[in-house]
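S.K.: Grabbed the feature section from TrEMBL, which reads as follows:
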COMPBIAS  1-20  compositional bias 'Basic and acidic residues'
COMPBIAS  21-34  compositional bias 'Low complexity'
DOMAIN    68-501  domain 'Major facilitator superfamily (MFS) profile'
REGION    1-36  region 'Disordered'
TRANSMEM  72-91  transmembrane segment
TRANSMEM  103-122  transmembrane segment
TRANSMEM  134-157  transmembrane segment
TRANSMEM  197-215  transmembrane segment
TRANSMEM  227-245  transmembrane segment
TRANSMEM  297-318  transmembrane segment
TRANSMEM  338-360  transmembrane segment
TRANSMEM  386-407  transmembrane segment
TRANSMEM  419-437  transmembrane segment
TRANSMEM  478-499  transmembrane segment
Amino acid sequence: MATKVEMDHLEDQAPNREGKAATTDSQDASDSSTNGALKMRGDIVLMPQPSDDPNDPLNWSSFRKHMAMSTISYLAFVCYMAVTSLVPGTLQLAETFGTTKYIAVYLGNTPVALYAVGPFLWSPLSHFVGRRPVLLLANLISVVGTIVVASAPSYGACMVGRVIQGLGGSAFWTLGPASIGDIFFRHEKGKKVGTSTLAIVVSPFAGGIIGGAVINNKSLGWRWSQWISLIFIATGLVMQIVFLPETIYVRDLTRANHVDHSQPTLQPTFWARYGIRIPKRNPDKRHSFMYLFTRPFVMFTYPAVFLASFWFGITYMLHVGITAEIPLIFEAEPYNFSVLGVGLTAFSGLIGALIGEAYAGPAIDLIARRCLRQGKEWRPEMRFKAIWPALVSAPLGLLMFGVSIQFGSSWVTPLVGQGIYIFGVEIATTVIQTYLLESYPRQGAEASLVFNLARNLLSYTTPFFVPKMLAQINFSATFGIFAALIVFFFPLCIGTLIWRGKAIRERSGEPGWSRD
């Protein structure tokens, strides 16, 4: 049985912007407690409280949950891998299309812009027809885009393919964490969301490694970096069909109707046979597409979402900047790397991301488990206890990369610096994304959209001005400025949330809308 202390600490009771009680996990708990004891696993109260419906994603078997999570993470990985596998071939693309290497760079970073704006389509659409059909459509779009890129006869055609490729792949970045949040409990989310963020963070480096090896092979070339990516994406489509059901489940409607799952069910519809189930909503939650389209913009007005996303965007900016510059840096003097060598430089970031996630996911889950077991009041801001290594490693890695490129001649030191930087980025990704999903669990897709917009929009801009900065003030000053920005904005953004996060969320109120 749950004690009164456990009941009291389940969630903060904040008024929303319409003057109503906050619609949070505490409401799930109170709904369950009116019918009986709170459901627990060992000595941990399950949050959110699952329904009695076996179709509720929270009640799925461990195998079903983890296959769904693995499928989402795999597709987030391979779709962005297709984007970055072309980057080691920047010079080859310039030669093929008769342009300069500085113009060819734009083929590498243009999809990043689509990863920033594409989710503004996918998020509201998923509320209407469910996550499964949207993700299936996004996969097909990725397939088309990859085919266009691989067979492009001109620079313009290749750019069109890259835009299509970015539009399709962006769905897995914004809906992936939200889908994982649909199927796991609070004390599990850190590690599970971390799996998805790990796939996202390591995908550029895996793409560089694979693309470098393929493009370096004279019998294959840059086009085959895309044909091989197409095989991986198509494999993901099969995995989606088999392992990724609809994850949106409206528990409020189920409880209100007191569904008796022991009674025979109706014959499934044609679409239901293929796992496509349009979520049924309460009448007061059936909004127009335009209304839902504007909800992510509303989330910008919530300081907890904006401050956390903005600081992460500043931290992540040089991720794409470094990736775009590496072929230009390491194929020139004094390094003289081959295309394969340029691709292999991605191993440093890959190792940094793996170590970062090995720390971040278990650390934030441990924080949650300790709090729940001790009966303390839970606040999402407690997750930030795990973010301190990111504040040290991200700026340190940038400084090491920039200074060693300018004053050194060894390739080892800058790549170690890149690994240290990505170690910090991975920690920040997991901690902040989990914080956002927990602060606004019923607006998880919209909060993730703001997060992804800050990440991709800020990083997309770097190839336009970083080369000019490098030419004018050199490497150490350029990377030193970005390292200083990370440190400068931390107390203004994350520090503010650590100090007054609960009060800020209470003052902002719970969003007066929800589709779940």
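Yeah, the Cβs are placed from backbone N, Cα and C, and that goes for glycine too.
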S.K.: Taking the transmembrane segment (72-91) as the reference, which of 134-157, 197-215, 297-318, 386-407, 419-437 gives the largest number of Cβ pairs under 8 angstroms?
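M.R.: So the stretch in question is 197-215.
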S.K.: For the transmembrane segment (338-360), name the stretch out of 134-157, 197-215, 297-318, 419-437 with the most CB-CB pairs under 8 Å.
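M.R.: Top-ranked stretch among 134-157, 197-215, 297-318, 419-437: 197-215.
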S.K.: What same-chain residues lie close to the transmembrane segment (478-499): Cβ under 8 Å, and 6 or more beyond its ends?
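M.R.: Sequence-remote neighbours of the transmembrane segment (478-499) are 303-304, 307-308, 310-311, 314-315, 317-318, 381, 384, 387, 391, 394-396, 398-399, 401-403, 435, 466, 469-470.
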